[in-house]
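> Relevant sequence annotations retrieved from Swiss-Prot are reproduced here:
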- Cys96-Cys105: disulfide bond (DISULFID)
- Cys108-Cys133: disulfide bond (DISULFID)
- Cys209-Cys218: disulfide bond (DISULFID)
- Cys221-Cys243: disulfide bond (DISULFID)
- 286-306: transmembrane segment (TRANSMEM)
- 307-669: topological domain 'Cytoplasmic' (TOPO_DOM)
- 348-634: domain 'Protein kinase' (DOMAIN)
Amino acid sequence: MRRNTDQESPIMSYYSSFFFLFLFSFLTSFRVSAQDPTYVYHTCQNTANYTSNSTYNNNLKTLLASLSSRNASYSTGFQNATVGQAPDRVTGLFNCRGDVSTEVCRRCVSFAVNDTLTRCPNQKEATLYYDECVLRYSNQNILSTLITTGGVILVNTRNVTSNQLDLLSDLVLPTLNQAATVALNSSKKFGTRKNNFTALQSFYGLVQCTPDLTRQDCSRCLQLVINQIPTDRIGARIINPSCTSRYEIYAFYTESAVPPPPPPPSISTPPVSAPPRSGKDGNSKVLVIAIVVPIIVAVLLFIAGYCFLTRRARKSYYTPSAFAGDDITTADSLQLDYRTIQTATDDFVESNKIGQGGFGEVYKGTLSDGTEVAVKRLSKSSGQGEVEFKNEVVLVAKLQHRNLVRLLGFCLDGEERVLVYEYVPNKSLDYFLFDPAKKGQLDWTRRYKIIGGVARGILYLHQDSRLTIIHRDLKASNILLDADMNPKIADFGMARIFGLDQTEENTSRIVGTYGYMSPEYAMHGQYSMKSDVYSFGVLVLEIISGKKNSSFYQTDGAHDLVSYAWGLWSNGRPLELVDPAIVENCQRNEVVRCVHIGLLCVQEDPAERPTLSTIVLMLTSNTVTLPVPRQPGLFFQSRIGKDPLDTDTTSKSLLGSVDDASITDIHPR
């Protein structure tokens, strides 16, 4: 019996070693592939462009090469750089998630550097977000500067049970505030927190600031992204240029407390033994194989299942629900042949490219009858493109108004999806409004006409058309200007139709532009006509001030344009909001009245915001008395003199105000 035992031992050792070697190799390859960067979101500020042979382009190439070089600070996860002199100076940085390895950080930054030239071609300002890193560059100074606008809210669209909702309401904000306390005491400005969700499941939270922020600015930024994050989802995140917050019920980051897996056992040469002399030795081989093979199969099935569930959980952020109920045949009369569009645009030649939107590129074209058109070619790589394409065709084909861009045709040809609009020669409002060299062309008379035209266009959508339509993405870049500077509302990809008696709708997919979203929509997915009113109010304040809400730099303690305007109004100084380019030649009574209307539109309570019919009346009749505006929405101010996340007590007092839909404890600065 002893001899048989000695002979089984090397066999067991060999098969066990083979098993662990195979498993280790598989896991290693799995981990490497999991480190590929996962794209999340990007923004391109298309108010300033550069040309291929310009000094700015050369400076940008030098900057990106520096950030992605082998000598970059991947081990710390953060690096910034500045290249050139004004006006061609370019400033940039990368910030990797605090838990990723040096190699993962390097790969993500290198990937982002190549990706930005595709996603934001010829744009002087861009921000690209990935799960593993963020890359930013700008022609303005972005270093050590707190920016709390220009981001996005993403929610996990998986279903939430009532029991889970109760647990989430108790866990989300405390967990994120605990993570914030860790981040504020970390050199990387990075913190995580893990709490129990159920007996068998954990809850994970993560927050992070760019390390170049001061502790106070990081605290302020985290306060905003924690208070604004939806608490009624199975997972959610807010990302903006300066900080981020996220929670899930799965481990979406590497838990530093988990020790690394032990190295695989070394494979030693088994001792030479005599060949087996009995059938029992053969049976032992069969027994070993019978044990080892099922274990390998079980492990592989477990890993495959884990990959599937993890990817499905991640994908739920970005996969929209099916677009049911649309009838694209109602627009059949507008369908164009793809070859006709190719001919009109010279086969989409680069010299005809006039813009780039969220779902594709825009080209100028000329039809065979001489009609100039704008051709919107949806990107094949856009996961949302087909939904927005169908939505835009069905909606815009039924709309006819002088302040709405007119759809002339569309094309569905294989993977090609193309929209053909009337050509508007003066591009978009933001092209003039936010450019120091061009904003002078928008005197007060033109700005006032634009405000009125946009109001009439939205009124048509809400009340006067055959359909009640909520635009959901009103902003300066979606207001086109014709040859006479008349405004035309564009981009209906996010729009939704309401029923006859419907006043609001809920959605689990928050879309639009952060900074223009109303509080109830950004935090709870509730949108209505009053959501568009809020966006219109932000737009009015932008038109008056010439300042962009999505990249507003801190002034007198204000973190965004709305709070800045509210502060001036509260102190009796509304004229200080006016763009210096027009302040000497404006009708002051009209300006003050428009500031008043803008602040009425951005009030926190949707019920107190005026309807579009009332707004148009306010703009056209000076005899209408305007009510006193109340506090705007999305305002966060610490009621305690010190940093709001310094202590557990302060954190808890901060959390209570965000649980209610009304956000009653939020105050203007």
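Including glycine, each Cβ sits where the backbone N, Cα and C put it.
Owing to the predicted nature of the structure, the values given are computational and were not obtained by experimental measurement.
Looking at the shown structure, can you explain where the listed features end up?
In sequence order, Tyr74, Gly77, Phe78, Val104, Cys105, Cys108, Val109, Glu132, Cys133 make up the list of same-chain residues 6 or more apart from Cys96 (disulfide bond) whose Cβ falls under 8 Å from its Cβ.
With a 10 A radius on its CB, Cys133 (disulfide bond) counts 25 other CB atoms from all the protein chains.
Other Cβ atoms within 10 Å of the Cβ of Cys209 (disulfide bond) number 28 in total over all chains.
Reduced to three states, the DSSP call for Cys243 (disulfide bond) is strand.
Across the topological domain 'Cytoplasmic' (307-669), mean pLDDT in this model comes to 77.
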> Sort Cys105 (disulfide bond) into helix, strand or coil using the DSSP assignment.
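Helix, per DSSP.
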> Around Cys108 (disulfide bond), how many other CB atoms lie within 10 A of its CB?
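Looking across every protein chain shown, the total is 28.
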> Give the distance between the Cα atoms of Cys209 (disulfide bond) and Cys243 (disulfide bond), rounded to the nearest whole Å.
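Cα of Cys209 (disulfide bond) to Cα of Cys243 (disulfide bond) measures 4 Å after rounding.
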> Which of the listed disulfide-bonded residues (Cys221, Cys243) has the least company, meaning the fewest other Cβ atoms within 10 Å of its Cβ?
Cys221
